[in-house]
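J.: What follows is a structure written as structure tokens; I'll ask about it next.
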Amino acid sequence: MISNFSRLQNIYNILFILFISLPGGLIYLLTGSTLSFWLRESGFDKITIGLFSLVNFIHIFKFLWGPLLEKISFIPSNSRGYKYCLIFSLLSCICCVYILTGFNPTTNFISFSLCLIILAFFSSIYDMLLQSSQMLLINNKNWGISEAACTSGFRIGILISGSGALYLSTIISWQEVYRTMAILCVPSLLLIIFYPLKFKEKIAVNDFDRFWHAFYDFIKKPKWLIIVGFMLLYRLQDNFLAVMPNMFYLDIGYTKKDLALGYKAFGMCATIAGGFIGGFLCRKYEYTYIFKRVLVYHALSSITFLLLYSYSQTITTLYIAVFLQEFTKGLTMSPFFSYQLRCCSSKYCITQIALITSIAYISTVLFGSISGYAATYLGWGYFFAIASFCFIPAYILIRYLPRV
């Protein structure tokens, strides 16, 4: 009876994680890919659009406020403080998105940029809480499934703020599009308020020295430097491409409606499918076995950019290219995020997850910010050729990764 109740509670918690992941995906694109379309229509060039990736630099430093967030979240240890933090961070994100719509990116450049940075700050807090929710609510053996659910919820959010926002922008202004996205986050906020959160185990409340304890606990792990290097390099290909595929598809003649349906909507479905398959693979195979294969598959998918650039640019070839790119991206993501959880200790979950994801975000910000320069000065052909080889550094590190 207890076992059945525990299993049912796990299912409810996994569904809860799926639904609260949705605003994370919604907000993610509002400072990234969707923003690039708004900036493009406002007259910004590829270099400037690429540099806007720097607004997400705040994610690099989230490990600094991780201990404070952990302290607040676990007072009291019955999950009430954790729920308050979820509510506050998501509500702040919604308000920031709404305020952002009051600025014009060309005439209010500074205010617009500052609002984006503040949005990225609260988004980073929400992301930390979201990722740690799996460790706090879900049994270890179900982390692969919960990560697939988290990724799927996140991707559905991206689908809405990607495909949905792009399609809406052909009907209404970008300011109205962003207001719509803010409103769509409200149901998840209400779910967080009314859902009866319960941790799978009692969390001890520690002092502010817990950052050093969390850091020391992490560096005691075998081959921790290899883990750090792997986190930094694993998504190098996607980080190098950044938002440039948006510009590429527009440059070779596709319309926003083509991209809303073919690239964003269909591509997101392919990513979700790949994410679920990747999550189930985590239950069957060892992580290094999965990483070796999915990295190569995803690298090969970059060749489709070159084929589109050199040959046919039909709707059919767009769908084929997008499926191969996004499905393999989904395959790479679930095992990676699940592995991140395995590298953390439950008692330091927020701080250590913040530390690991901060390391991963260095690559996102650094290579995303130079992608515009690379695409402009190398040309699309060389740009995508280089992207297809970006998997090599992470692939070399796989053989040295510790088993977790």
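Just so it is clear, glycine is given a Cβ too, placed from its N, Cα and C backbone atoms.
For reference, Swiss-Prot lists these features for the protein:
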- 11-31: transmembrane segment (TRANSMEM)
- 49-69: transmembrane segment (TRANSMEM)
- 84-104: transmembrane segment (TRANSMEM)
- 109-129: transmembrane segment (TRANSMEM)
- 154-174: transmembrane segment (TRANSMEM)
- 177-197: transmembrane segment (TRANSMEM)
- 224-244: transmembrane segment (TRANSMEM)
- 261-281: transmembrane segment (TRANSMEM)
- 294-311: transmembrane segment (TRANSMEM)
- 315-337: transmembrane segment (TRANSMEM)
- 353-373: transmembrane segment (TRANSMEM)
- 378-398: transmembrane segment (TRANSMEM)
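Quick one: how deep are these features, and who are their neighbours?
T.: Residues 31-32, 35-36, 39-40, 85, 113, 116-117, 120-121, 123-125, 127-129, 208, 210-211, 214, 242-244, 247, 350-351, 353-355, 357-358, 361-362, 364-365, 368-373, 375 of the same chain, all 6+ positions outside the transmembrane segment (49-69), place their C-beta atoms under 8 angstroms from a C-beta of that stretch.
Long-range contacts of the transmembrane segment (84-104) within its own chain (CB-CB distance under 8 A, at least 6 residues past either end) are made by residues 20, 23, 27, 30, 42, 69, 72-73, 111-112, 115-116, 118-119, 122-123, 125-126, 129, 175-176, 178-179, 181-182, 185-186, 188-189, 192-193.
Here the transmembrane segment (154-174) has long-range neighbours at 21-30, 33-34, 37-38, 41, 180-181, 184, 256-257, 259-261, 263-265, 268-269, 271-272, 275, 330, meaning same-chain residues at least 6 beyond its ends whose C-beta is under 8 angstroms from one of its own.
Distant neighbours of the transmembrane segment (261-281): 144-145, 147-149, 151-152, 155-156, 158-159, 162-164, 166-167, 245-246, 249, 254, 290, 294, 315, 318-319, 322-323, 325-335, 338; these residues of the same chain sit at least 6 beyond its ends, with a Cβ under 8 Å from one of its Cβ atoms.
Among residues of the same chain six or more beyond the transmembrane segment (315-337), those with a C-beta under 8 A of the stretch's C-beta atoms are 131, 144, 147-148, 150-151, 155, 234-235, 238, 249, 254, 258, 262-263, 266-268, 270-279, 281-282, 287, 290-291, 294-295, 297-298, 300-302, 304-305, 307-308.
Outside the transmembrane segment (353-373) by six or more residues, the chain places 45-51, 53-54, 56-57, 59-63, 65-66, 69, 127-128, 131-132, 135, 214-215, 218, 227-228, 231-236, 239-244, 340-341, 343-344 with a CB less than 8 A from a CB of the stretch.
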J.: Which sequence positions outside the transmembrane segment (378-398), separated from its termini by at least 6 residues, show Cβ-Cβ distances below 8 Å to it?
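T.: Distant contacts of the transmembrane segment (378-398): 226, 229-230, 233-234, 236-237, 240-241, 244, 248, 251, 288, 291-292, 295-296, 298-300, 302-303, 305-306, 309-310.
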J.: Restricting to CB pairs under 8 Å, which listed stretch, 11-31, 109-129, 177-197, 294-311, is in contact most with the transmembrane segment (224-244)?
T.: 294-311
J.: Have the transmembrane segment (11-31) and the transmembrane segment (294-311) got at least three CB pairs under 8 Å, pairs 6 or more apart in sequence?
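T.: Answer no: the transmembrane segment (11-31) and the transmembrane segment (294-311) share fewer than 3 Cβ pairs below 8 Å.
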